[in-house]
Amino acid sequence: MTFQVNREDGLFYRQTLFDQARRVVIKVGSAVLTDADGLNQEVIDNLAREISFLCSTGREVILVSSGAVAAGRQRLGISRQPGEELRVKQALAAMGQGLLMQAYEQAFGRYDQLVAQVLLTHEDLAHRDRYLNVRNTIYTLFEFGVVPIINENDTVSVKELRFGDNDTLGALITNMIGADMYIMLTDVDGLYTANPVTDPGAEPVYTVAEITPDVECMAGHTTSRLGTGGMQTKIRAARMVSVCGGSSFIGPGRNRDILRQLFSGDMVGTFFLPARDKITSRKHWIGHVLRPKGFLILDDGACRAVRDQGKSLLPSGILEVRGDFGVGAPVHCLDRRERLVAAGLINYSADDTRKIKGHRSSEIAGILGFKDSDVVIHRDNLVLLDRSDNIAPRDVA
Ligand SMILES: Nc1ncnc2c1ncn2[C@@H]1O[C@H](COP(=O)(O)OP(=O)(O)O)[C@@H](O)[C@H]1O
Ligand SMILES: N[C@@H](CCC(=O)OP(=O)(O)O)C(=O)O
C-alpha cells in the first residue's frame, strides 16, 4: 500500500522526529481514562509519572484530557442512558471537571510538577483575539514550567458549536501553539486496517506517510461505550496536524511506559509523518478553526483554478451562493457534486456575491455600483480542503 513507508524508514523517521520534538501535545481519551466506575486513578497516576518524565527532559507538554462527564457520573452514581440529553452531560461535566483536576493535581504533585486548568469552547478559538489570548496564556504557563491541562468547556458549549470529541480540540491546540508532535492515547494499540474490535483480520499500521482516502477508509467509529468519534476523528486530527507541519501518533494509553517507549524509539502504535506541503498557521485557522457562514458552488473551471493552479476565486466561476453572510465571512467552496474544495474569507456579502456570480470582474462596478476587489476570495485567504476536512454541517452555522 502506497501510503505506508517500510519498517526501517519508519523507524528512522520516528526516532528523528521524537528526538527533535521539543513541544508536545498529549491527548488522552475517555476510553482510556474512564471505566464503568468512573475515573481510572491508576491511568491518571501513570500519566502524571510519564508526563513529568517528559518535562524533566526539557520538553514543553500540554495534556488534553477528557473525563469530566465520567467523573460527574461516578459522583452522582447514575449510569449512562442511551440517547442521554446534552444538558445532562453538561451538568455531569460541571460536577466532574473539578474532580478530574483534583485527581491530576494530586497525581502530578507526587512529582512536584505544577499543572493548570484551561477550559475552551469553539468560540474561543474562532475569534482571532481570543485565539491569540489563549495562545499567550499557554506560552506563559510554559515559562512557569506548568503543564496546561485542557478540556472542552462542556457546560457552556452550545450543541452546534461543540468540538464534541477531544481529538479535534487537541489537533487545533497543537497547531495553535506550533507543537512538533500530537500524541493521541486511546484504548487500542494504534490504527488497524479495520476496526480490530469487530474485525479479527485487521492488521496494525505502523507508519503513515500520507493520509490518503485508503487510510480514511480504515477508520471506523467508536465501539466503546465511553469514547467519542473513534478512529475517524483521530485520522482527521492527524491530517490537520500534518498539513501544518507536525507529526502525530496514535497509541495505547494503558501501556504503562508508553511515553518512555515512544521517545526511546520503540515501534509501538501508529505514526503519521508531517505533510510535504505545509500551510501557515493563519491558513490553518481559516480552514480548520472557522466554521463556514455560507457556501459557494463552483463550476469545474473555478475548481481547477483554485485547486490545481493556486489562483484566487473570480466571480465568473461561482454557480450558486448559499447562506447570508457579510464581507470577510468564512465560507466553504464546493464543487458541482457538493464535495468540499476550499475554505476562504470572502470579499463580498452574500447579497452582492449573488449579484456578481457568473460575471466577469470588469462588470462588478457596473452591477454593484462599487468594486472592492476583482476577486471574490483572494488566494492568500483561501485554503484547500478535501472531503475529510468537512466538519461543518452543509446548512449554515
Ligand atoms: N481502523 C481502526 N483501528 C483501530 N481502532 C478503530 C478503527 N476503527 C474504529 N476503531 C475504534 O476506535 C476506538 C477508539 O476511539 P474512541 O473510543 O473514540 O477513544 P478515545 O476516547 O480514546 O478517543 C477503538 O476502541 C475502536 O473501537
Ligand atoms: N469533554 C468530555 C469528553 C469528550 C470525549 O469523550 O472525547 P474523547 O476523549 O475524544 O472520546 C469530558 O471531559 O467528559
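Using the three backbone atoms N, Cα and C, a Cβ is placed for every residue, glycine included.
Here's what TrEMBL has on this protein:
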- LYS27, THR186, ASP187, THR228, GLY229, GLY230, MET231, GLN232, THR233, LYS234: ATP binding site (BINDING)
- SER66, ASP154, ASN166: substrate binding site (BINDING)
- 294-377: domain 'PUA' (DOMAIN)
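Here the features listed in TrEMBL are painted onto the structure.
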{"residue": "LYS27", "record": "ATP binding site", "DSSP class": "strand"}
{"residue": "SER66", "record": "substrate binding site", "DSSP class": "coil"}
{"residue": "ASP154", "record": "substrate binding site", "DSSP class": "coil"}
{"residue": "ASN166", "record": "substrate binding site", "DSSP class": "helix"}
{"residue": "ASP187", "record": "ATP binding site", "DSSP class": "coil"}
{"residue": "MET231", "record": "ATP binding site", "DSSP class": "helix"}
Expected list for ligand 2 (Cβ under 6 angstroms, binding-site residues LYS27, SER66, ASP154, ASP187, MET231) reads SER66, ASP154
Helix-strand-coil residue split for the domain 'PUA' (294-377), DSSP-based: 26 helix, 24 strand, 34 coil
Using CB under 6 Å from any atom of ligand 1, narrow the binding-site residues LYS27, ASP154, ASN166, ASP187, MET231, THR233 to the ones that qualify. ASP187, MET231
In whole Å, note down how far the CA of ASP154 (substrate binding site) lies from the CA of LYS27 (ATP binding site). 17
Other than its own, how many Cβ atoms are within 10 Å of the Cβ belonging to LYS27 (ATP binding site)? 30
Take the Cβ of ASP154 (substrate binding site) and count every other Cβ within 10 Å, whichever protein chain it belongs to. 24
Greatest Cα separation in angstrom, residues SER66, ASP154, ASN166 binding substrate per the record, works out to 11
Write down the Cα-Cα distance for ASN166 (substrate binding site) and THR233 (ATP binding site), rounded and given in Å. 9
Work out how many Å separate SER66 (substrate binding site) and ASP187 (ATP binding site) at their Cα atoms, rounded off. 13
Cβ atoms other than its own within 10 Å of the Cβ of ASN166 (substrate binding site), all chains, total 26
